[in-house]
Amino acid sequence: MHTIDLRGRTHTSAELLALVPRAAVDVAVASEAAAALIDEVRTGGSEALLAQADRFDGGRPPALRVPASEIADAVSTLDPAVRRALEETIRRVRLASAAQVPPNTVTEIGPGARIRQRWQPIARVGLYVPGGKAVYPSSVVMNVVPAQVAGVTSIALVSPPQRDHGSHVHPVVLAAAGLLGIDEVYAMGGAGAIGALAYGVDDLGLEPVQLVTGPGNVYVAAAKRLIRGQAGIDAEAGPTDILVVADAAADARLVAADLISQAEHDELAAAVLVTDSTELADAVVAEVERQVALTTHRERVTAALTGGQSAVVLVDDLEAAAAFSNAFGPEHLEIQTTDAEAVLAGIQNAGAIFLGPHSPVSLGDYAAGSNHVLPTGGQARFAAGLNAATFLRSQQVVEYTEEGLADVAESIAALSATEALPAHGDAVVARFS
Ligand SMILES: NC(=O)c1ccc[n+]([C@@H]2O[C@H](COP(=O)([O-])OP(=O)(O)OC[C@H]3O[C@@H](n4cnc5c(N)ncnc54)[C@H](O)[C@@H]3O)[C@@H](O)[C@H]2O)c1
Ligand SMILES: N[C@H](CO)Cc1c[nH]c[nH+]1
Ligand SMILES: [Zn+2]
């Protein structure tokens, strides 16, 4: 991991933004390849999706649409311990997602003047579940549960076919879908699958969706950026990142383990330590070296940690640490300091925040009840993680009586005349003449 030394002076927000470490290959760089893959699917339909599966996933799935019997089989043959774990995760995510549904409200503006605010679910959504370097049954739960809690009634789920499973969707992904009552599942991955959801695939009977959500690699994130407008998207949840703010009191062994845990997702994953303690920085670097040598995906982890996106950042104090973190906009922010609440008070931008030594990111990835589909690449500076409200739209229902309208008729006339749009005022006058 390279070092960024910010000690000795304060930095403006613009300077911090310029210093933030990022991967050389980002969503913009992957965009051209993603656009070509989406175009192939728009013109070539199923045959293009099968060819892309052959090219990227090591084989053509026997059927793009997974038969209902295969989903049922996956549920019935699911390892009992994994089933219990999935069911507990579903329970917890459902509880936390229910708390994200905003209440419908009625505001009495004046006599006979009422604005109702209602939250309307999106009718049909497409959910992406990754499956390249790893498989993600947990992402089935993280996508489906908030959609169901929001009241979405039509859900299509896509996930890449797996070479090791005869080019079928991974059975635990199918089992997770089955446990949640999802029966529309397709064996397709990457940018082509995002295009298929957004534009539909006629010869497959895949109807276009109105919103595409879910995590994926840089090509998936690029594809989501490209189809935005045709369908809505959640945040771009691309290659994962973790930023740990730690002081001298933190346990270097745990900090290192958490950095490595996210680096194992992808060579493009980012792991950043920000600290005011050179002793802790040295200890974490030594621990990372020791633990990487023992970890399963050591090559991928090494690539991620030595990439330009990962770094150890030295700061004068924890206020400067929070300022750097805000500029980075981490997907996951861990605060491992003596007074975590004090650091939290200075944090504005983060996808999800993990406080103290017993709240590692792995907890949020699987079992906290929080959602693990989170904005990456600095998007947490303006975007939120996937949640029930992502699947809802607020709609204001305007309900005025004659008396209520009369009270504002003069204001409308004045403003419409000022804007040189007199027909607007006339439409109100017509109601009183
Ligand atoms: N931010 C989040 O919320 C979040 C959550 C979970 C996972 N993730 C991220 O999701 C990603 C999962 O990646 P993955 O690769 O394991 O699975 P994936 O399903 O995202 O990607 C696999 C697909 O990528 C496409 N692809 C592969 N190589 C390509 C190439 N050279 N050109 C064009 N397309 C290509 C193929 O279509 C393949 O099916 C990781 O980066 C991980 O960090 C993010
Ligand atoms: N850390 C990933 C992005 O938040 C989510 C995940 C799923 N499985 C393991 N981890
Ligand atoms: Zn993870």
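Here the Cβ of each residue, glycine as well, is placed from N, Cα and C on the backbone.
When the candidates Asp202, Asp203, Asp365 are compared with the substrate site entry in TrEMBL, which names Thr240, Gln262, His265, His332, Glu419, His424, the shared residue is Asp365. Within 10 Å of the C-beta of His332 (active site, proton acceptor) there are 28 other C-beta atoms, taking all protein chains into account.
Between the listed recorded positions, namely Glu331, Asp365, Glu419, the fewest other CB atoms within 10 angstroms of a CB are found at Glu419.
Highlighted here are the binding-site residues (Thr240, Gln262, His265, His424) whose C-beta falls below 6 Å from ligand 1: Thr240, His265, in sequence order. Proximity to ligand 3 (Cβ under 6 Å from any of its atoms) holds for these recorded positions out of Glu331, His332, Asp365, Glu419, His424: Asp365.
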